[in-house]
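Taking it in order: structure first as structure tokens, then the write-up.
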Amino acid sequence: MPPVIAIQGLSKTYASGFQALKSIDLDIRRGEIFALLGPNGAGKTTLISIVCGIVRASSGSVTVDGHDIVSDFRAARGLIGLVPQELTTDAFETVWDTVSFSRGLFGKPRNPEHIEKVLRDLSLWSKKDSKIMTLSGGMKRRVLIAKALSHEPRILFLDEPTAGVDVELRKDMWEVVRALRASGVTIILTTHYIEEAEQMADRIGVINKGEIVLVEEKATLMRELGRKQLALQLNGRLHAVPEALQPYDLTLAEEGATLVYTYDTQGDRTGITGFLQDLSRAGIEFHDLQTTQRSLEDIFVDLVRQRR
Amino acid sequence: MISNLRAVRAIYVFEMARAGRTLLQSIVSPVLSTSLYFVVFGAAIGSRITEIDGVPYGAFIVPGLIMLLLLTQSVANASFGIYFPRFTGTIYELLSAPVSYGEIVLGYVGAAATKSVILGLIVLATAALFVPLQIEHPVWMLVFLVLTAVTFSLLGFIIGIWADGFEKLQLVPLLVITPLTFLGGTFYSVSVLPPLWQKLALLNPVVYLISGFRWSFFGTSDVNIGVSLAMTLVVLGLCVVGIAWIFRTGYRLKA
């Protein structure tokens, strides 16, 4: 199946000379949730802005469902909904009016039933006649999502949609996102909350300094790069890792009171059995243990550090 | 070029609704200030100046006053209309929508011009309460009214794109448009000026607008009606070229 968004050789250099994107190649699959991760200034928003038509590319091409974003911009943009990073809303409009305005802007005929459904799904129905300036930050964020969904897009860009949003609202939003995905909408999100990407995304892309560092299935990424650690709380303290245990990837923590064994869950052998046997032979006893797995955040931080 | 009429309608209705929300500022305020001009210039000073070109002074200044209002309001409405979404950041929605530049301009400029024309007609009706009015060429009066409103709304749109602060938004209307209008024969006929000033006055494009508009009322003008119409179209054309350049280059809209 052809990608719903195909990005080829996309570069952007701003008038200041800053090169925000360096020949990006990226395909977004139809119906997936794609999480784009990257530190501040990595190029995430520039990439989204080019696809949506807000920023001009310096070179390269982008097609949305086969439509070029420049020569066939109407068809391309009509498929896309965008929730921007900043809380950029009208102030004096009512919720209903601003969402209806967005639908009209995208050339769709009036459909009060759809607008009502969107507002109800986002728990905005009771605020439909409220002026936007009277809403809280979280509610304004919902309004931005409602505006993006007003014209029934097939692709939804969420540029850090839950930044500054409380936990309750964040959960509500992700319910909406899941429901959209279930209805076939492709979702591309950027987020600083890596646990969100971990929970929500099908695939993850990492961008750093204008370059795509990695694109991988989330499950594969977690499997391939995921390492586990076994921490043993020792009965006594060690000053150094004993000679007999040198073959293992061991570190001492908490002033020698904890011995940490790092192992690869995807290796042929984790080595845990042998390690515990060798530990016993070395006469080292422990009274408690725990295992921890590297999070996506750890992987992300490692990737970004490697590229510095 | 214009195929997303729903978008044009959405922008137009949005802008017109804004005028509705600020009725006092949008309509009452300009009508009041224009009425004050009638009282001061028409009644007070006009009692000492009986006629210009055979037209009672009170009636003579009506076209100029309508033109003054039309120019300032067209520029103000259109410049604020496009500047405000730039200021708040909601411009992103306009840029990411399947809307052509022509449709954006049609929506914003159409609404700004409509508001100005409505205001012009309201002031005309208000003036009729103060002075006896005749309109010899009503069709041409409407042509000049609409052409001028559209032309200066286009100029306002350019200013709204150019401005990077509220101060700049006011700069051109206050320092350029208003002086040119006052010096363009709002309250007098250019023919009463000394010969040198008459020639200099002809460099002022507003002279042609007011002269043409006044001709549609009284059948007399400072410059030939054809020249007035041509000058209006030239200014209109220049504004269209300016806007085309803005959208082609993305000036202050797209990085």
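One-based numbering along the chain as shown.
Glycine residues also receive a Cβ, built from the backbone N, Cα and C atoms like all the rest.
Unlike curated records, TrEMBL annotations are generated automatically.
Summarising the annotation, TrEMBL assigns domain 'ABC transmembrane type-2' to B:21-250.
Annotation source TrEMBL lists transmembrane segment at B:23-45 (among others). Long-range contacts of the transmembrane segment (B:23-45) within the same chain, counting only residues at least 6 positions beyond its ends with a Cβ under 8 Å from a Cβ of the stretch, are 57-58, 61, 65-66, 68-69, 72-73, 115, 118-119, 122-123, 126-127, 130-131, 187.
Residues or ranges marked as transmembrane segment by TrEMBL: B:57-84 (among others).
If you look up TrEMBL, you'll see B:104-130 (among others) marked as transmembrane segment.
Per TrEMBL, the feature transmembrane segment maps to B:142-163 (among others).
The transmembrane segment annotation in TrEMBL covers B:169-188 (among others).
Residues or ranges marked as transmembrane segment in TrEMBL: B:223-247 (among others). Distant neighbours of the transmembrane segment (B:223-247): 101, 105, 140, 144, 147-148, 150-151, 154-155, 157-158, 161, 190, 202, 205, 207-209, 211-212, 215, 253; these residues of the same chain sit at least 6 beyond its ends, with a Cβ under 8 Å from one of its Cβ atoms.
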Tertiary contacts of the transmembrane segment (B:142-163) (same chain, 6+ residues out, Cβ under 8 Å): 66-67, 70-71, 74-83, 86, 105, 108-109, 112-114, 116-117, 120-121, 169, 171-173, 177, 209, 212-213, 216, 228-229, 232-233, 235-236, 239-240, 242-243, 246, 251-253
